[in-house]
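*Asks:* Per TrEMBL, domain 'Lactate/malate dehydrogenase N-terminal' is recorded for 1-142. Sequence annotations record features per position, and here TrEMBL assigns NAD(+) binding site to Gly7, Ala8, Gly9, Ala10, Val11, Gly12, Asp32, Asn95, Val118, Ser119, Asn120. Positions annotated as substrate binding site by TrEMBL: Arg82, Arg88, Asn120, Arg151. Residues or ranges marked as domain 'Lactate/malate dehydrogenase C-terminal' in TrEMBL: 146-300. Per TrEMBL, the feature active site, proton acceptor maps to His175.
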Amino acid sequence: MKVTIVGAGAVGATTADNLIRRNVAEEIVLLDIKEGFAEGKAQDMAQTAALLGFESKIKGVTNDYLSTSGSTVAVITSGIPRKPGMTREELIGTNANIVKSVVENLVKHSPDIIIVIVSNPMDTMTYLALKSSGLPKNRIIGMGGTLDSARFKYQLSEKLNASAADLNAIVIGGHGDTTMIPLIKHSTWNSIPVTDFLTPEEQGEIVHKTMVGGATLTSLIGTSAWYAPGAATAAVVESIVRDQGKLFTASVYLEGEFGQEDINLGVPVIINKKGWDRIVPIQLDEEDKEKFNKSAEAVRTMNNVLKEIKAL
Ligand SMILES: NC(=O)C1=CN([C@@H]2O[C@H](COP(=O)(O)OP(=O)(O)OC[C@H]3O[C@@H](n4cnc5c(N)ncnc54)[C@H](O)[C@@H]3O)[C@@H](O)[C@H]2O)C=CC1
Ligand SMILES: O=C([O-])CC(=O)C(=O)O
């Protein structure tokens with residue numbers, strides 16, 4: 001099985017590294033527009049095989065889509081990341097054209113492909129990929145909710161002094177500083193509601209820190225994060241390739257689910273060899289429903305920008 005990653009930068013290379021170490025795919029193709037860049041990263045990673053003991057092959061190419069032919073899954077991490085003080089939404093002008101042309105090239109060479117979108121603003125880039133490719137909705141997945149849920153578990157684990165692996169917690173809604181919705185009332189520590197252990201103030205702090213998780217790292221590092229984004233992307237790809245049927249939150253096309261339509265937004269889904277297989281319903285209270293609708297409104301505003309900049 002072949003997995004292509006377009007964009008050999010920080011997140012793309014980290015995704016490849018996570019996949020290769022676990023032998024998720026027989027072959028990984030890393031593609032970048034920058035001459036020699038993907039080739040170099042691929043060779044560097046391949047040279048860890050003797051040390052780490054994996055069998056996967058990795059090949060780097062410069063804009064050569066023929067090499068991506070017959071890919072089962074592609075990850076799109078091409079585009080610019082934000083700098084401190086910026087929002088993800090500000091990247092739309094540059095990234096929309098990049099994502100659109102990358103999708104076109106991928107589909108031309110692998111018509112049955114499943115595409116995992118990472119590039120920001122992620123929900124809108126996922127919507128763009130769906131609308132411009134004409135692929136069935138189940139084959140386009142935005143991975144942001146998987147990352148945001150991992151960050152939510154990190155914040156909970158820090159406050160509760162618990163193992164992150166013992167926590168069950170998800171973030172739905174958009175992948176934006178103000179649009180994500182960490183569902184703290186639904187979160188558990190090995191089946192016990194986390195709200196039993198946290199004051200309302202502590203709960204509010206955890207939710208806030210989760211929402212601005214990406215912005216916090218961007219201001220510390222000077223560019224956006226890659227370790228957790230790469231691990232989250234690899235987890236989604238692995239669930240597809242190995243047909244694991246794991247439940248992740250991911251940005252998928254809604255047609256009435258959660259009261260929204262014609263939009264890609266983060267909801268709980270099962271991910272297997274079909275892409276995202278089905279949406280898992282969850283009972284939201286009035287407060288969370290309102291937050292979800294507001295999140296949808298903000299993402300829809302960004303989707304409308306696609307028309308203004310003639311990307312759609
Ligand atoms: N959805 C999420 O959870 C996350 C999204 N991101 C987003 O992922 C994207 C990538 O971030 P980084 O890897 O940190 O950036 P980066 O700058 O390290 O890498 C981006 C790469 O894309 C390449 N590229 C640009 N145009 C291309 C094209 N047309 N074809 C092929 N390659 C092209 C560049 O040469 C560069 O190597 C950004 O938009 C960032 O905002 C980053 C982290 C998490
Ligand atoms: O913060 C950013 O711009 C990159 C990203 O989406 C994340 O790390 O969540």
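Cβ atoms are placed via backbone N, Cα and C, with glycine included.
Whatever TrEMBL says is automated annotation, not expert-curated.
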*Asks:* Mind running the binding-site residues Gly7, Val118, Arg151 against ligand 1 and keeping the ones whose CB falls under 6 Å of it?
*Replies:* Gly7, Val118
*Asks:* What is the three-state DSSP composition of the domain 'Lactate/malate dehydrogenase N-terminal' (1-142), stated as helix, strand and coil residue counts?
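*Replies:* Computed counts for the domain 'Lactate/malate dehydrogenase N-terminal' (1-142) are 67 helix, 28 strand, 47 coil.
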*Asks:* Sorted by position, what residues of the same chain at least six away from Arg88 (substrate binding site) have a C-beta under 8 A from it?
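*Replies:* Counting only residues 6 or more apart in sequence, the Cβ neighbours of Arg88 (substrate binding site) under 8 Å are Arg82, Asn120, Pro121, Met122, His175, Gly176, Asp177, Gly214.
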*Asks:* Please list residues from the chain of Gly7 (NAD(+) binding site) whose Cβ is under 8 angstroms from its Cβ, counting only those at least six apart in sequence.
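*Replies:* Those within reach of Gly7 (NAD(+) binding site), by Cβ under 8 Å and sequence separation of 6 or more, are Leu31, Asp32, Ile76, Thr77, Ser78, Gly79, Val118, Ser119.
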*Asks:* In three-state terms from DSSP, label His175 (active site, proton acceptor) for me.
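*Replies:* In the DSSP reduction, His175 (active site, proton acceptor) maps to coil.
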*Asks:* Taking the Cβ of Gly9 (NAD(+) binding site) as the centre, count every other Cβ atom within 10 Å, in any protein chain shown.
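*Replies:* A count of 19.
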*Asks:* Determine, to the nearest whole angstrom, how far the Cα atom of Gly9 (NAD(+) binding site) is from the Cα atom of Arg151 (substrate binding site).
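*Replies:* With the alpha carbons as reference points, the distance is 21 Å.
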*Asks:* So for Val118 (NAD(+) binding site), how many other CB atoms are inside 10 Å of its CB?
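*Replies:* Val118 (NAD(+) binding site): 29 neighbouring Cβ atoms within 10 Å.
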